[in-house]
Amino acid sequence: MAEFRIDPEMELPVLPSRARADVSRKPEWLKINLRTDAEFVELKRLMRGQGLHTVCEEARCPNIFECWNRRTATFMILGDICTRNCGFCAVRSGVPTGLDLAEPERVADACVQLGLRHVVVTSVARDDLSDGGASIFAETIRAIRRKNPFTGVEVLIPDFGGNWDALAVVMDAEPDVLNHNIETVRRLSDRVRSRAKYDRSLELLRRAKEMKPHVSTKSSIMVGLGETMQELYEAMDDLRAAGVDIVTFGQYLRPTARHLAVEKFYTPAEFEHLREEALKRGFAHCESGPLVRSSYHADEQSAQAVARRTGAGRAAQTGD
């Protein structure tokens, strides 16, 4: 079959091709300039001083410099060894050891020291724990609230193996945003996500919204794994049916040769098309771009939720 290339100037929508694009080299729009200025080095030193892990580093996020300079960060709690082995993820897999009960307070202290405006708390999957780590998520949210009441808090959670009592523990702690990623379209889910289930993820998002309707819910999709545009439309429809408020789209980039191959690099025009389609479907917000990751510009996405939560307290402090 002839190779199919998309002119960035062509009119959308773009009909997908099953032919694999030339992915031997990254296109120009995926190239970034890495920076290690003094502020970045200081932030990294403070993270290490607290004995904390960030998914920004563990997952080799291309936006780490921008986000840290915006005073936003994504902490990875419950250790740095995952009990699952997803085909796209750079985080180490294996058998975790122990549970650090002091970690929530250290994360909260780091938020103060770093002056964070917004924090995302995520974790490795901990299928070895009866609640999947939900209680540590909840205590981390509460610890941040006690010490940083005006810092936005988003949690990016695993599926807890379908343990809805564990989900309720997290929701009762009242995060500003509850994020759980479906990662890919239904057809590819079993190949891409180790031990996760597409419909179980949708059920988690639906239940989270039912438990706390005022908490924004969010999910993310990687593109470039062999999905079609129609399948992406269907995934958006599935997320909206589950009551999801925010969706993000980003280009899948292969961490190592051992991970799933990139099937296609999407153009900036195609990402803009996905954003438009998401907004048409009623999502309150959509981030869509080649370098977008789940937590990209998370501070902007949750600003309204934080304002609702802290409005009364801020008014009391100022006497308004």
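Please read every residue number as a count from 1 along the shown chain.
Every residue gets a Cβ built from N, Cα and C, even glycine.
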For the record in Swiss-Prot, which of the ranges 174-194, 300-320 is the region 'Disordered' one? 300-320
On average, what pLDDT score does this prediction assign to the domain 'Radical SAM core' (68-284)? 92
